[in-house]
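Per Swiss-Prot, the features are:
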type: BINDING; residues: His72, Gly113, His114, Ala115, Gly145, Ala146, Asn174, Tyr287, Glu370; note: thiamine diphosphate binding site
type: BINDING; residues: Asp144, Asn174; note: Mg(2+) binding site
Amino acid sequence: MHLSELTHPNQLHGLSETQLEAVAKQIRERHLEVVSNSGGHLGPGLGVVELTLALYQTLDLDRDKVVWDVGHQAYPHKLITGRYGSFDSLRQQGGVAGYLKRTESRFDHFGAGHASTSISAALGMAIARDRQGLDYKCVAVIGDGALTGGMALEAINHAGHLPSTPLLVVLNDNDMSISPPVGALSTYLNRMRLSPPLQFLSGSVEESVRNLPFMGGEIPPELNRLKESMRRLAVPKVGAVFEELGFTYMGPIDGHDIAEMTRTFQSAHRVGGPVMVHVVTKKGKGYPYAEADQVGYHAQSAFNLSTGKARPSKTPKPPSYSKVFGQTLVKLCEQNPKVVGITAAMATGTGLDILQKALPDQYIDVGIAEQHAVTLSAGMACDGLRPVVAIYSTFLQRAFDQLIHDVGIQKLPVTFVLDRAGIVGADGPTHQGQYDISYMRAIPNFTVMAPKDEAELQRMLVTCLNHDGPTALRIPRGPGEGVPLMEEGWEALPIGCGEVVREGNDVLIVAYGAMVPKAMATAKCLAAVGVEVAVINARYLRPLDEALIHPMAKQIGKIVTMEEGALAGGFGSAVLESLQEKGLAIPMLRIGIPDRLVDHATPQQSFEALGLTPDQMAVRIKQHFLLSTSGSLTLEEKAPAEVSSAG
């Protein structure tokens, strides 16, 4: 059977092991073909090909439900559930999503882009099934990295106390999440994998039996059952922690042996309560470059399949904000040994891998545990350290209570660097950093800021570390503006002070963070047709520079706010509230992300869809204030009518 003919996972039923291995080979080839051309997650999916086929062979996917944790390991799932033909559109606007979406396929039973949610969701489905008297299987597939998340452990604790609720949890143990996982649980799993008796059983004994002349290289079912019995006798402590929590534990088993996994899953389905099947896989399996560099090939931009090297950019790009942050933090850590960088399993993405290599003693990775990262930093700040916590904007949402309760209320000097703030592109709605402006501005005692470029980022980082209180600094994904950077000697900025970056008398734009360069470009568009626009780089969300904004707003009489974040409760709302509290009724337009989710696309496509390109914003400003111009604005017809504004 060719993979293109496989439109329903139930077509796997009855295929021989040889046929399934042929399908596995085709899945890897298609996976590599598409990701090498368009980019996407590579290593996670390559590691679960056999696991997916073996699991789905034992299920009726017209009834049974599988919840994949995070979703970036589910590319093989997509390829055998009717998306082979459309897979070329992976992570492209209007195409196949990089994560699971309930609206994309009836086989995507639960959407996810954040880690550690699968067991809770699958358990919820199992409880709903039992309460309605229905009969179908509920399965969660979770990686060992995601298992370090507190939510996953909470779900295991709950499921273990429901002995009559059938639930299968498949632990995909590849000793990796995005970076190598950390903590006692990871160490425990590693001990289980490397247990000498288990290695002996899985390796030497099996190889000896296969090599017997009358075996023909095959292991008969009777000896497989004997091997499993010997495994349990020889390694009695394997899985003890899960069994103490109420699960029936099976494994560890080879995650690339379809026959062994199929037998184990069939046995697991016969158990009447929660079962944990521990499957050991190799991230990047089948592609040597991905096997050799499991961190680098977790996710890739387009690359040359034969060399494994990224395709060169058509035009050179400045260093990313994340890289500038990481390099600057190293310098500041060298100057002050009390500064410590903290990440939640995202060292490479946030730039903290630079600190990890340079000053490992001033670097901490807590694993996928954002709540713990925040309160850990609070405790460190209590006793004299200056923690800098670098977390993606979308992931810091998971620790909102800790931001308030453990840091904000106690006025502790912790710095949060919110990476990937704003539009992120192809990862879609689960990863857009569109909410942090709204949630951070609501927390008392925080000073919240965003730089207009990478040079201002450096000064803001110094400002944060000099400030005796909690601070938050948001930075966008992607390259900086290409401005000159200082190697050291950065000066702190005055707290709560913005700056005028362009003079004008017709309209005032107050822009926040990454929208400042777009505001300048918008002003240039309007200047070309005779409208002179003043631009303020706000710098601060909390506290606002009212002393600068209010007089200019009164003098000019028309004000526009620009932010790369949700309009609801965002920067524009802060400015509007500030004006109203002072009784200043000034005509106003708020520009930002309206009340909608932003789907996967390139950042530029997202900006266009949201009406956030300079020419579109120039048209909106002209139309909103009924401005007279000396000429026509270009691309006027492209200004999207659906993007809301507030006056």
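Residue 1 is the first one shown; counting continues down the chain.
Every residue, even glycine, has its Cβ placed from backbone N, Cα and C.
Calculated from their C-alpha atoms, the gap between Glu370 (thiamine diphosphate binding site) and Asp144 (Mg(2+) binding site) amounts to 16 Å. Looking only at Cα atoms, Asp144 (Mg(2+) binding site) sits nearest to Asn174 among the binding-site residues His72, His114, Asn174. According to DSSP, Glu370 (thiamine diphosphate binding site) sits within a helical segment. Counting only residues at least six positions away in the same chain, the Cβ atoms of His41, Pro44, Gly45, Gly98, Tyr99, Ala299 sit under 8 Å from the Cβ of His72 (thiamine diphosphate binding site). When Cβ atoms from all protein chains are considered, those within 10 Å of Gly145 (thiamine diphosphate binding site) total 29, not counting its own. Listed binding-site residues: Asp144, Glu370. The one with the lowest count of other Cβ atoms within 10 Å of its Cβ is Asp144.
Secondary structure from DSSP puts Gly145 (thiamine diphosphate binding site) in coil. For His114 (thiamine diphosphate binding site), the number of other Cβ atoms no farther than 10 Å from its own Cβ, over all displayed protein chains, is 21. Neighbour count (other Cβ atoms within 10 Å of the Cβ, all protein chains): 23 for Asn174 (thiamine diphosphate binding site).
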